[in-house]
Ligand SMILES: NC(=O)C1=CN([C@@H]2O[C@H](COP(=O)(O)OP(=O)(O)OC[C@H]3O[C@@H](n4cnc5c(N)ncnc54)[C@H](OP(=O)(O)O)[C@@H]3O)[C@@H](O)[C@H]2O)C=CC1
Ligand SMILES: CC(=O)[C@@H](O)[C@H](O)COP(=O)(O)O
Ligand SMILES: [Mn+2]
């Protein structure tokens, strides 16, 4: 029995993680979880899974839930996220929280020897060097949940990182893949949230439409697989059936395929190195699919991808700025405060106005994260 702490239980990845726990009740047990503001769903989850510890975002929700479930321990805020992440009865942390708020809980969980199943890519983008250093020092496995990184991780089994020629990360093209740049001027939030292949949380769906999701994934892959940026390519593949590939020195390419279903990579991270059946997942029938399509990425049309490569290559605090500016810009777009193309304008302004600091400490990253958020807010 594996005992799990789950950050972001009420989200898209969080709810699918709980689906897997439901499918395999004798394999997994939920000891602790965090939610944000979706207290209605949290209530149902506490009733069903009976975790011993629950963290909520706001103090008042903590008080309300405590009155309803006196046998459960409730906590709140960033300290609550950390408490869940390091909960002593858990041996695995599934980090499915949204944004760089996941950084400190992840670091603390690593320091406490927890196995990390990481979906929360913003944490790796903003401070990949700190996460990788801590994981190495504590001999803690970092198991990717993001579909592309899980695909690469699966294709790497039995292989050596030193034999990799390049990583090929596939991109669906997002909600606006058929539109010209000019047609992006007046797109709506509703249109942007209509991803062609995946059902995901709002922020990552917008990131997919701007191509920032692929940018974040390039940086994520750089850290997870210790790969220079020059050896990480992005390829448009509109079906999202090949989830990513590795090309080796001898020109062999190994890919991982499947229908777009995040429960597969989530479950793989939870069962690694074993595999369990996943009866509810639709099996891929390639004869029915017939054709797969591939197309070169245009970094002029998708400027966010170029920003991410540039920020990643320079390193220091630039990825922190990239991520924090993007988080604020996407939230502003979702709130109807800015137009779609202003997302990339705001990120560009934040990057241009920042002097990168090399080898940033956790404190420096947190300061730069706050400063960047304030800077972008001042432009709105
Ligand atoms: N969705 C997907 O298919 C994929 C997602 N990912 C990554 O996984 C992470 C989660 O994505 P996704 O599940 O789509 O996101 P969602 O928006 O669906 O869920 C986010 C979760 O985090 C909680 N949350 C948000 N902000 C805070 C906060 N400040 N404090 C505490 N809790 C908070 C939310 O709580 P509440 O809703 O209760 O307010 C919710 O539980 C992201 O980093 C994303 O990039 C990676 C690959 C695929
Ligand atoms: C499911 C997942 O991992 C997402 O990151 C997904 O890949 C988004 O798809 P695109 O960014 O390729 O549109
Ligand atoms: Mn992905």
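Cβ coordinates come from backbone N, Cα and C, glycine included.
Keep in mind the model is a prediction, meaning the values are calculated, not measured.
So that you can see what the record holds, here are the features copied from TrEMBL:
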| type | residues | note |
| --- | --- | --- |
| BINDING | 10, 11, 12, 13, 36, 37, 38, 120, 122, 201 | NADPH binding site |
| BINDING | 121, 147, 148, 172, 195, 208, 213, 214, 217 | 1-deoxy-D-xylulose 5-phosphate binding site |
| BINDING | 146, 148, 217 | Mn(2+) binding site |
| DOMAIN | 4-128 | domain '1-deoxy-D-xylulose 5-phosphate reductoisomerase N-terminal' |
| DOMAIN | 142-225 | domain '1-deoxy-D-xylulose 5-phosphate reductoisomerase C-terminal' |
| DOMAIN | 257-374 | domain 'DXP reductoisomerase C-terminal' |
What residues, ordered by sequence, lie under 8 A Cβ-to-Cβ from residue 217 (1-deoxy-D-xylulose 5-phosphate binding site) and sit at least six positions away in the same chain? 121, 146, 148, 149, 169
Over all pairs in 121, 147, 148, 172, 195, 208, 213, 214, 217, the listed 1-deoxy-D-xylulose 5-phosphate binding residues, work out the largest Cα-Cα distance in Å. 19
Whole-number Å value of the largest CA-CA distance among 10, 11, 12, 13, 36, 37, 38, 120, 122, 201, listed as NADPH-binding: 21
Can you tell me which of these binding-site residues sit near ligand 1, meaning the Cβ is under 6 Å from at least one of its atoms: 12, 148, 217? 12
Give me the non-local Cβ neighbours of residue 36 (NADPH binding site): same chain, 6+ apart in sequence, Cβ-Cβ under 8 Å, ordered along the sequence. 8, 10, 11, 56, 57, 97, 98
What remains of the binding-site residues 10, 12, 36, 38, 121, 122 after requiring a CB under 6 angstroms from ligand 2 is none
Should we count any of the binding-site residues 10, 36, 121, 122, 146, 148 as near ligand 3, judged by a CB under 6 A from one of its atoms, and which? 146, 148
For residue 12 (NADPH binding site), which residues in the same chain are close in space, meaning a Cβ under 8 Å from its Cβ, but six or more apart along the sequence? 199, 200, 201, 204, 262
Work out how many Å separate residue 122 (NADPH binding site) and residue 195 (1-deoxy-D-xylulose 5-phosphate binding site) at their Cα atoms, rounded off. 20
Taking each of the binding-site residues 10, 38, 213 in turn and counting other Cβ atoms within 10 Å of its Cβ, which one has the fewest? 38
Under DSSP, the domain '1-deoxy-D-xylulose 5-phosphate reductoisomerase N-terminal' (4-128) has how many residues in helix, strand and coil? 62 helix, 27 strand, 36 coil
Determine, for the Mn(2+) site, the additional residues of the same chain whose CB lies within 8 Å of the mean position of the CB atoms of 146, 148, 217; present them in sequence order. 121, 144, 147, 149, 150, 169, 213, 214, 216, 220, 221, 244
